[in-house]
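Record features, source TrEMBL:
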BINDING   B:Cys83, B:Cys88, B:Cys124, B:Cys128  [2Fe-2S] cluster binding site
Amino acid sequence: MGLSMNGVTRIFVPGDMAARALGADDVARAISRESDERGLDIRVTRNGSRGMVFHEPLVEIERDGVRYGFGAMEASDVAALFNDPDTHPKALGPVDDLDWMKRQTRLTYARCGVIDPLDLDEYEAFGGLAGLRAALKRAPQRIIDEVKASGLRGRGGAGFPTGIKWQTVHDAEARQKYIVCNADEGDSGTFADRMLMEGDPFCLIEGMAIAGLAVGATKGYIYLRSEYPDAIRMMDAATIIARQNGLLGADILGSGKTFDLEIRVGAGAYVCGEETALLNSLEGKRGVVRAKPPLPALEGFFGQPTVVNNVISLAAVPFILAEGGEAYAAHGIGRSRGTIPLQIAGNVKYGGLFEAAFGMTLGEIVNKIGGGTASGKPVRAVQVGGPLGAYFPPDLFDTPFGYEDFSSKEGLIGHAGITVFDDSVDMGRMARFAMEFCAIESCGKCTPCRIGAVRGVETIDRIRDGDAGAMALLTDLCDTMKAGSLCALGGFTPYPVMSALNHFPEDFLPEGHKEAAE
Amino acid sequence: MTILPDTSVASRVQAIVSEHADLDGPLLPILHRVQSEYGYVPESAIRPLADALNISRADVHGVVSFYHDFHTAPRGRHVVKICRAEACQARGGQALEDHIRKVLRLNWNETSSDGAITLEPVYCLGLCACGPAALIDERPVAKLTGEKVERLVREMV
């Protein structure tokens with residue numbers, strides 16, 4: 001390819017939290033130092049992540065409009081990059097030609113990892129603001145119709161049709177309505193919200209502004225978890241820039257319409273990812289779940305009609321308005337339309353974020369995209385949908401990735417986190433952990449969750465100590481939690497527990513886990 | 001010993017509350033600010049907070065005690081948060097947890113006797129494809145091994 005640093009004017013080093021956790025800051029410093037020492041005029045951009053966590057820190061150099069990747073880079077690899085990128089041992093070739101990138105359908109993440117996250121001009125040059133401009137030309141009802149036509153469903157996990165939720169808030173009469181973005185991404189195995197907020201924050205702001213126009217809300221909140229310090233800094237900075245440039249405020253893009261938003265930081269409570277607990281937390285209260293009805297769409301933040309949407313639901317909206325609902329709905333299977341950012345995590349060779357149309361089988365995702373386990377051992381179980389999602393054995397790898405397809409197998413897709421475990425996993429211990437986690441994070445309002453989770457830990461311990469009779473008790477307890485809990489925390493904790501028990505009963509035998517523990 | 005009302009905390013709390021006067025439901029942002037200044041939420045802050053926001057002391061206490069992030073006593077100069085969630089467990093997180101607790105000679109939520117380090121569990125940092133992960137003060141670290149953690153701890157103290 002005849003690369004040299006001649007003609008290279010820009011180098012990308014991700015500022016994404018995962019890349020930083022793997023040493024990207026050291027690499028960026030080494031690049032700036034090397035560039036200065038050689039007297040080169042190269043701009044270093046801290047972009048978001050392309051999603052290939054297995055290549056992070058992924059350095060890209062841009063020449064003649066083509067971006068060449070190098071990964072996973074260390075500071076000690078930088079001098080060689082400047083000597084001769086062509087023969088660099090970590091050269092990956094043009095990033096857009098990599099199999100991992102080519103096989104994706106990047107609608108929501110089209111700009112993530114590509115642009116400077118805080119450069120509004122670049123955002124616009126890569127298609128940003130087209131959705132908001134289209135929305136500004138339409139009546140609110142026509143915006144909602146477009147979202148309905150897209151078939152978009154809540155990406156936080158519940159899968160409720162976004163257009164119908166917006167319609168309810170639109171139709172409600174109130175002095176003030178709100179858009180609340182749920183960025184309390186607490187599910188293990190998920191990082192799509194974080195990656196988007198760090199890599200393309202204006203996309204979320206644009207989606208929220210469109211939602212505001214659609215339902216008649218002038219105020220929005222992003223409830224962002226405290227465990228994401230980088231995303232908080234990025235969203236704070238992007239909000240200020242958006243306000244300075246008329247993307248937020250009393251006259252958005254010169255339309256005379258008003259929308260503004262505020263970033264609120266959570267305080268380490270998993271249950272605040274549940275929408276009514278989130279609203280209480282936003283109001284300055286304990287993050288205790290509210291009984292429904294009333295729906296937040298009618299009585300949400302301080303009793304006013306409120307749209308509560310996940311980051312990815314809102315970030316999907318600019319594309320839908322720019323390209324049309326049909327263009328989005330053209331992807332997917334059954335009632336699962338559009339794309340889903342799969343987050344391939346845990347013990348997996350090629351882990352990261354892979355945006356694809358609904359419909360790939362779990363096996364394709366784990367083995368073809370993810371490349372099997374990182375340890376090289378056989379895959380034993382895959383937890384889909386976070387800590388409240390079911391464990392799937394390889395026998396169920398033919399399940400297509402879709403809302404209904406997963407619920408028909410006693411599972412859920414949740415926020416599309418896919419956590420892979422190899423054969424060293426002790427599934428009895430994972431079931432116990434699910435109950436333990438529920439006990440730690442329960443808000444305490446309803447008995448099945450608050451007490452059930454504690455009894456669940458004890459009952460699993462009894463089974464693992466040899467009391468086989470306690471199995472029926474655990475099944476019974478799970479039924480009670482499932483049917484009697486107020487929200488998904490108590491209601492869905494039975495998914496990982498029962499799937500572990502049903503698919504891996506041998507791990508609940510006393511000798512089973514003692515062997516596994518050795 | 002007579003316990004005097006801590007007037008300095010009270011006046012600082014009132015100033016923080018007035019800085020947040022234009023927010024709806026401002027208690028969490030206020031508590032975050034108090035904690036960032038004092039390192040924890042002092043007992044002496046509860047009454048002035050309740051008075052300034054026109055809520056009961058029980059309400060304030062209820063919120064402080066509900067959230068894992070808010071602390072009622074000082075923590076160590078450095079806080080090590082180790083992810084205990086599933087994706088990190090799938091990558092050897094359990095062994096790492098045990099190792100760290102042994103090296104630091106701390107259990108979860110304990111602070112070393114010299115006040116240098118507090119060890120806390122965290123349930124997911126969104127670093128699930130490169131675990132085991134941790135947050136050391138605000139610095140994210142991933143693909144942790146026992147050796148790497150020992151080095152990071154040595155660098156820190």
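Please read every residue number as a count from 1 along the shown chain.
Keep in mind that glycine also has a Cβ here, set from the backbone N, Cα and C atoms.
Sequence-distant neighbours of B:Cys88 ([2Fe-2S] cluster binding site) (same chain, 6+ apart, CB under 8 A from its CB) are B:Leu96, B:Leu127, B:Cys128, B:Gly131, B:Pro132, B:Ala133. Between the binding-site residues B:Cys83, B:Cys128, B:Cys128 has the most other Cβ atoms inside 10 Å of its own Cβ, all protein chains included. Taken residue by residue with DSSP, B:Cys88 ([2Fe-2S] cluster binding site) is part of a helix. Around B:Cys124 ([2Fe-2S] cluster binding site), the C-beta neighbours below 8 angstroms that are at least 6 residues distant in the chain are B:Cys83, B:Ala85, B:Ala87.
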